[in-house]
2 protein chains.
Amino acid sequence: MEGVDHLAFERNKAQFDVNDMKIVWAGSRQEFELSDRISRLVASDPVFQKDNRTALDRKELFKNTLRKAAHAWKRVIELRLNEQEASKLRSFVDQPAFTDLHWGMFVPAIKGQGTDEQQAKWLPLANNMQIIGCYAQTELGHGSNVQGLETTATFDPKTDEFVIHSPTLTSSKWWPGGLGKISTHAIVYARLITDGQDHGVHGFIVQLRSLDDHLPLPGITVGDIGMKFGNAAYNSMDNGVLSFDHVRIPRNQMLMRVSQVTREGKFVHSGVPRQLIYGTMVYVRQAIVADASIALSRAVCIATRYSAVRRQFGSQKGGPETQVIDYKTQQARLFPLLASAYAFRFVSEWLKWLYTDVTQKLQANDFSTLPEAHACTAGLKSLTTSATADGIEECRKLCGGHGYLCSSGLPELFAVYVPACTYEGDNTVLLLQVARYLIKTISQLGSGNKPTGTTAYLARVEQLMQYQSDVKRAEDWLKPNVVIEAFEARAAGMSVAVAQNLSKFTDPEEGFQELSADLVEAAAAHCQLIVVSKFIEKLQQDIPGNGVKQQLEVLCGVYALFLLHNHLGDFLSTGCITQKQGSLANEQLRSLYSQVRPNAIALVDAFNYTDHLLGSVLGRYDGNVYPKLYEEAWKDPLNDSVVPDGFKEHVQPILRQQLRNARL
Amino acid sequence: MEGVDHLAFERNKAQFDVNDMKIVWAGSRQEFELSDRISRLVASDPVFQKDNRTALDRKELFKNTLRKAAHAWKRVIELRLNEQEASKLRSFVDQPAFTDLHWGMFVPAIKGQGTDEQQAKWLPLANNMQIIGCYAQTELGHGSNVQGLETTATFDPKTDEFVIHSPTLTSSKWWPGGLGKISTHAIVYARLITDGQDHGVHGFIVQLRSLDDHLPLPGITVGDIGMKFGNAAYNSMDNGVLSFDHVRIPRNQMLMRVSQVTREGKFVHSGVPRQLIYGTMVYVRQAIVADASIALSRAVCIATRYSAVRRQFGSQKGGPETQVIDYKTQQARLFPLLASAYAFRFVSEWLKWLYTDVTQKLQANDFSTLPEAHACTAGLKSLTTSATADGIEECRKLCGGHGYLCSSGLPELFAVYVPACTYEGDNTVLLLQVARYLIKTISQLGSGNKPTGTTAYLARVEQLMQYQSDVKRAEDWLKPNVVIEAFEARAAGMSVAVAQNLSKFTDPEEGFQELSADLVEAAAAHCQLIVVSKFIEKLQQDIPGNGVKQQLEVLCGVYALFLLHNHLGDFLSTGCITQKQGSLANEQLRSLYSQVRPNAIALVDAFNYTDHLLGSVLGRYDGNVYPKLYEEAWKDPLNDSVVPDGFKEHVQPILRQQLRNARL
Ligand SMILES: Cc1cc2nc3c(=O)[nH]c(=O)nc-3n(C[C@H](O)[C@H](O)[C@H](O)COP(=O)(O)OP(=O)(O)OC[C@H]3O[C@@H](n4cnc5c(N)ncnc54)[C@H](O)[C@@H]3O)c2cc1C
Ligand SMILES: Cc1cc2nc3c(=O)[nH]c(=O)nc-3n(C[C@H](O)[C@H](O)[C@H](O)COP(=O)(O)OP(=O)(O)OC[C@H]3O[C@@H](n4cnc5c(N)ncnc54)[C@H](O)[C@@H]3O)c2cc1C
């Protein structure tokens, strides 16, 4: 059967050019070629194979990860890959490793928060990996509340040093990836204390381990925090615990781009605006949104292909059974996720643009758009990661029993993905930040402060409150402006409603606490509007390729109308649509599903994922699922022997009724 | 710190008697005492400790499971435990094992489907565990569609035997628990063929392995299907693959209670009605609903206690920070799950009653209530398992980063629980069955067929379609009849709407397929109504205990109004409530959350779970979270050595810039 494409008949049904769609998905031909080249490079390298990793124990898995990380770095050097290529390569290796934090957090923190001098000293070392760093912010007792961190960095003017110390058990650093076993250095966040005064939390470069023998330096206690969710998944990472017993570092290891401590121990602000740091946050979060679209599309690719292979029920007169992808319930669960993957992809593209825009403005000392950009990225991080985590699990369920096997690839994808809902800002805490921004924007409407960017629609709040959709037939829901207006009216209506309720409280903060669940819902509605609008904006561009744009229009409709259906209560409550219009939307949604159906396989082929990256028997490109599932099974260590370890001691005595005498 | 109760101040706040609530939760004093006694027995037994299991590799884990299973059986014999006690003991051991299928599926199948003679032969062997059995239905190619199974059992009149055979790869049995490595016997479902004629799927008792050396018998290929989702979790179970190459069994090993094959090879029905088998299905599914309430309550117990321990933000003037349980967003996510746990508990109690009722009627040859009972248990299985799976993951997220650690207990609870959404009927397939039943009921309304039991409200469909709630103030939503009527009107409205749409199709089956997503939503609405009504019915009984009933009333309100808020679109679409009434419900819900708050810890204490069962550092009874988290971390195998395995080969060469020469 090798070489046969069991899904060829599906691929032939597609009504668009899948190669053109690949370019759209990748963002550009150049991006496509880069990803294509690097993903094949990784897939064909025996060191990067990952089929057995869910059966490895912690130590073996960790060693295997070190091996891959070293090999990746070796390839980067040998092939003289540039930064972008190297980062792609790491991501296609698809196994969390200490290098993620070194390149993703340690180096950027030095770039963002270090002075020119500090950068000149530390970046070459880090860029050559002569030192390996991690990002040690979270403590046992504090994560979301960064301002509550307890670790102290007390300036000792006598020796011109900071004394880094962990005053309590809860001040132990806890979670930083790469910290547990590997990092030689860390950016440690600690309360700066000079002359008895607390200046809040700042970053410090601290060496943790000897560069000779890798042993922890005096005063440093460091280790791994133990097993995490799932097979393999994040267990390849040495998330760590760290505490300090009066560890001394030179004064110039405080990251001093924004604030400084002088030789005399005076705390001073440099001229550089604090806001610069928020620019980095926008960057990190846009990367998380891009990752969401990748993780979700991987899951969707697996579930879609398998749904076309899997047949169950409905055989007529001995013919083949129905492909489960033909069941409308399967479509109604799967196709919105397919549409979401595309939606998140396009919104992440836009966020990348936003980051560039904000950075340019910051460089010109224009901070005006930063709060809006910040709220918007916080909200989109929250929306996309939550939807992706839930979506991966839904894809797993869509594969029935077989989705529960590690060989489906879905359990590990879920387990490795879910922490994205928590790290870089807990999703609920982030939505509360968005809500605060929305309420502030609304409260300032009267004062002539014109809302900008993604909140611009709030300038039309009066009209939007009166808005009533004029949809008469199901097809009316295909018109972009009809959709946008309904989403704007709903989001504005929800924000205004909660703002009005807030105004009933004498203490605004108490009101904010009391109504926070409603605030979160209003914030979510706002974020959904952003994703829908950016998808629609994308479609207003010129998109080349046979049938490509039409497919994207269908997906955009699916995304929007699925949200509308799922949150119908909001739309009806705010009065922007009627019950009848709601049910017309649902009717239109059903018809869009039928339009997606023949294109479904090609739409996931457009992600251009290798079988290596998918790591899923169910999601194989060739659809040759059953023989491969069967083959995989026999590789389990339990199948090494016919009679399992422990049988003689623990089962035979039962069968022979000799349990009383047995030593267990 | 040992012995200090960090949550005492929370326990003191409770406005009800927690000991009385324990009895209500358990179902009776006797049930409480039984669970209490057995859970302590298990918790105090060193063999049953489970703290290190997520770090074991597959083989070690499996061996550890065999040891526990044997020890459990030994204790059962030594202590002369009865069936109920033995089953409790197994469930408190809390590690899936081959014995689950032996006792839970193999023995009941013989009881339900075997003739008296067969029972007399096989049950004593099984009851003494002289043989160990599993339940082999699902195949690689067929799960949901049992009628599509491919394994054949062909009668050979020459030898008076059946020949069991696997004609294709996809006919391999796949998934049965206990099959892979341990079972000596299986109930195998296969297509019965006599004289060239196919009589559909029947059960057969087949010996798989030699009772001497445990090797597979000739013609039998059997093994484990490999790693499944999560750390430990179901990996302690040997779900297996099995194929037959013309394996012969005596004729009397077909389970012949309902249909028989005579010596001459004639296929005949015994007098026993087929429906008896559905009785078993009702039984199994009520047990699943009961398990849902247990799994969800475990997760809720962990998240609630930790939310009271965890403090984040809001410190005023150096005072302690806010307990995260005081944030309204946390309450709005957590308390509905707490209420759901209670709701599922009570509906499972009612299902137990229903099973007895149905059984008695079946014995009197009254099959009239069976279809309704069948639809209702199918629906409740689907509703409760889906809500529980999602609820466990929500509880994990509610614990922030620390919920991602295995030591929180939540990752494993999730991974071990989720297959309940798939086995014993895929949840979507089950809801479609409920929908079929609802549509049939509605279509027969005219013909004088009076709907009964949980569908009785459909008799009032005309009134319900006109129903408009008369809620005027938020408190009106506390009235049971107001809630019930709204839920009835919504469920009836949805069923009728989709029935009307169905009638537009000339081919009803085509209509059913086309509208199946709407049908599933109508079925879900019907099932939610059942849970809400059974909760309310429970409250109409006498419930002793100081403040107990009041607490349950609050939880019942939370459950119902949370559903209403989440499905507001349904309620508004069917016109049974107005926008204003919807927002009053939300207001009332908020106020109920405040009433739950002081009682939250006591409400989870009422589950009476031991720290052993919870297996969670975050959910410890004493709330002493941080020191124990810290302690747990150091037990990870990675912390066995300061410098990890693989460092010298794979990391040092990087640091020393000697990668080129390094052998990886
Ligand atoms: C896999 C993984 C990798 C990580 N890597 C790193 C790393 O490299 N470096 C590092 O420094 N950290 C790291 N972290 C830590 C991570 O950043 C934190 O876990 C995260 O910030 C969440 O904080 P928390 O755990 O304190 O959650 P908590 O704040 O304790 O959240 C618990 C609950 O309280 C709620 N809550 C908290 N505050 C509020 C509020 N004000 N209002 C309403 N609700 C509230 C939350 O919504 C949540 O439901 C990692 C974590 C994980 C899981
Ligand atoms: C942990 C675990 C333990 C198990 N233990 C046993 C055991 O001991 N013995 C045993 O015999 N089996 C066992 N099973 C198998 C289990 O019973 C099946 O997996 C289950 O019945 C689901 O069937 P499936 O896997 O074929 O799903 P599928 O039917 O293939 O489902 C795939 C998708 O198709 C959809 N679908 C299927 N049919 C329809 C339809 N008609 N209309 C609309 N949508 C449809 C489903 O909703 C799902 O989304 C076990 C499974 C697991 C995961």
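Including glycine, each Cβ sits where the backbone N, Cα and C put it.
If you look up TrEMBL, you'll see B:17-132 marked as domain 'Acyl-coenzyme A oxidase N-terminal'. Per TrEMBL, the feature domain 'Acyl-CoA oxidase/dehydrogenase middle' maps to B:134-235. Per TrEMBL, FAD binding site is recorded for B:T138, B:G177. For B:278-439, the entry in TrEMBL reads domain 'Acyl-CoA oxidase C-alpha1'. Per TrEMBL, the feature active site, proton acceptor maps to B:E424. Residues or ranges marked as domain 'Acyl-CoA oxidase C-terminal' by TrEMBL: B:480-655.
Projection of TrEMBL feature records onto the structure.
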residue : record                       : DSSP class
B:T138  : FAD binding site             : coil
B:G177  : FAD binding site             : coil
B:E424  : active site, proton acceptor : coil
Can you give me the same-chain residues 6 or more apart in sequence from B:G177 (FAD binding site) with a CB-CB distance under 8 Å?
B:P96, B:F98, B:D100, B:L101, B:C134, B:Y135, B:M237, B:D238, B:N239, B:G240
Between B:T138 (FAD binding site) and B:E424 (active site, proton acceptor), what C-alpha distance do you get in Å?
10
Can you name the residues of this chain that are 6 or more positions from B:E424 (active site, proton acceptor) yet have a C-beta less than 8 Å from its C-beta?
B:V284, B:R285, B:I288, B:K381
Which recorded positions among B:T138, B:G177, B:E424 have a Cβ sitting under 8 Å from any chain A Cβ?
B:T138
Please work out the number of neighbouring Cβ atoms within 10 Å of the Cβ of B:T138 (FAD binding site), leaving out its own Cβ.
20
DSSP-derived helix, strand and coil totals, residue by residue, for the domain 'Acyl-coenzyme A oxidase N-terminal' (B:17-132):
90 helix, 0 strand, 26 coil
If you average per-residue pLDDT over the domain 'Acyl-coenzyme A oxidase N-terminal' (B:17-132), what number do you get?
97
